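As annotated by TrEMBL, transmembrane segment applies to 17-38. Per TrEMBL, the feature region 'Disordered' maps to 149-176. Annotation comment: TrEMBL describes 187-206, 217-236 as domain 'Helix-hairpin-helix DNA-binding motif class 1'.
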Amino acid sequence: MTELWARFKIQYRQKPIQIIIIGVIILTLLGVIIFHQLQTPSRRTHEPQLLTEVQTAKASSKKAAASQQTHSAASVERSSNQPVQYYVEIKGEVQRPNVYQVSEHARINDLVKLAGGLTQLADDRQINLAQPLQDGMSIYIPKEGEQLTTAPQPAYDSTTVGSSANGSNDADGQDQAPININQADIVQLQQISGVGPKKAADIVAYRETAGGFKSVDELTKVSGIGEKTLAKIKDQLCI
C-alpha cells in the first residue's frame, strides 16, 4: 500500500493535470450513477400513482355519462307520465261560471266543485254529475223550472246541430228555432250563419263579462260583428 502511494505521488508530480482530470471524470461518473439510483425508485413510485389517477378520471367520466343518461331517461319518463289536461266550460247555476282545467278522468261533479258548487236555484236533476268530461265541453246547469234542451256535448261536435228537446235531429227540413244568445254554448252559437269557433268564443266571453245581452243589437259590441253581419243573422237570434 505504501509502495502504491509512493508511485502515485511520483506520477502526480510528473503529470498533475492529467491526474486531476481523471479524478474529476471519476467523481462525475460516480455522481451520475448515484443520481440515477436515487431517481429510479421515485419514478417507479409516481408511475402507479399516475395510472391510478387516469383510471379514476375515466371512471368518473363514465359515471357522469351514466348519470346524465339516467337523468334524461327519467325526464322522458316524467314527460310521458304527465297527466292529460282538458279545458272545459261550465256556466248557468254555479257559483263561478268559467273555463276550467281538469284531468282526463274528471267528471261533471268535479267541474261543479271547481266552480264553487251549485247555486240554490240549480236543478241538478237534469244533469248527470257522473258523466265523464271531454276536452272543449261546455256544461250548462239549469235552474229550477228551466227545461234543458240539449245534453252536454264536446265543443265543435255536430251531434247537437238542430237538436230538439227530445234529442232528435231536425232532419225534416223545418226552420230551426231562434238561438238564445244568453243561453247558447259555443257549439250552439256556431249554428248561426257565419259564426265559427273563434267568433262563438268571443260571444261567450263578452256575455260572461257583460253579464248577458240586454238585446240582440248588443251583439255589435262583439269583435267581428258589425251592423251588416247582424242584419243577416238577426232573425236567427233571440234573448
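Backbone N, Cα and C define each Cβ position, glycine as well.
Caution: TrEMBL annotation is automatic and unverified by curators.
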What is the number of residues in the domain 'Helix-hairpin-helix DNA-binding motif class 1' (187-206) that are helix, strand and coil, as DSSP sees it?
13 helix, 0 strand, 7 coil
Confidence summary for the domain 'Helix-hairpin-helix DNA-binding motif class 1' (217-236), mean pLDDT rounded
90
